[in-house]
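Worksheet: one structure, shown below.
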Amino acid sequence: MSRHLSLIGMPGAGKTTLGQALAAYFGLPFVDLDAEIVARAGQSIPGIFAQRGELDFRQLEADTLRAVLARPAPLVLATGGGTPCFHNGITALNQHSITLWLDVPVSTLLARLQAAETAQRPLLSQAPAGLETRLYETLTARTQFYQQAQLHCAGDACTVAALLPRLAAAGFPPPAV
Ligand code: S3P
């Protein structure tokens, strides 16, 4: 079984941007789990939350995750912020990929998400006590899962150049067979 590289962390942590850059560097496919879920469901993420609810979304997310992880050729995967935290996601991720937690402070997440508009992120767009409070609460609840990643990079240290030796030491990318 080949080992993929999975990026985990909060919404706004930069999983997609860094994942695309790493995939381009290594010449590997990039997979965005949210995009895979949308393709499978034939519905947008806000549409799935609105019409089917979060429980259904989490099941769909878990099924899609297993399907992506089962692909034979190595790839770089950007997960959704909640992916490691439901249906033993972190265990599946650690079994089939090298996991990297992009650990970005709430102040940075807040600035990025405010600039980006949260309409596409249903859990954040419906935060009655405000976005900053929701981010703190969510990060606090999820840290126990994120911490189980094999690699951890904080804030500005998450660059391709800085990560290369650490990925090599972890055996990524795996040798071609
Ligand atoms: C979610 C994060 C989203 C998406 C869904 C749920 C979460 O992905 O999967 O809206 O629970 O944090 P991003 O982390 O790419 O925003």
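Quick reminder: no glycine exception, Cβ is built from N, Cα and C everywhere.
The ATP binding site annotation in TrEMBL covers G12, A13, G14, K15, T16, T17, R121. Under the DSSP three-state reduction, R121 (ATP binding site) is assigned to coil, being neither helix nor strand.
Listed in sequence order, the residues of the same chain lying 6 or more apart from T16 (ATP binding site) and placing their CB within less than 8 Å of its CB are D32, A78. Taken from TrEMBL, the feature Mg(2+) binding site applies to T16.
The substrate binding site annotation in TrEMBL covers D34, R58, G81, R142. Note: R142 (substrate binding site) has non-local neighbours M10, G81, G82, P84, C85, i.e. same-chain residues 6+ apart with C-beta under 8 A of its own C-beta.
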(request) For D34 (substrate binding site), just give me the three-state DSSP call. (result) helix
(message) I'd like to verify something. Among the binding-site residues G12, G14, T17, R58, which ones have a C-beta closer than 6 angstroms to some atom of ligand 1?
(response) none
(message) Can you tell me the CA-to-CA distance separating G14 (ATP binding site) and R58 (substrate binding site), as a whole number of Å?
(response) 21
(message) Considering each pair of residues in G12, A13, G14, K15, T16, T17, R121, all listed as binding ATP, report the largest CA to CA distance in Å, no decimals.
(response) 17
(request) Measuring Cα to Cα, tell me the gap between D34 (substrate binding site) and A13 (ATP binding site) in whole angstrom. (result) 15
(message) Helix, strand or coil by DSSP: which one applies to G12 (ATP binding site)?
(response) coil
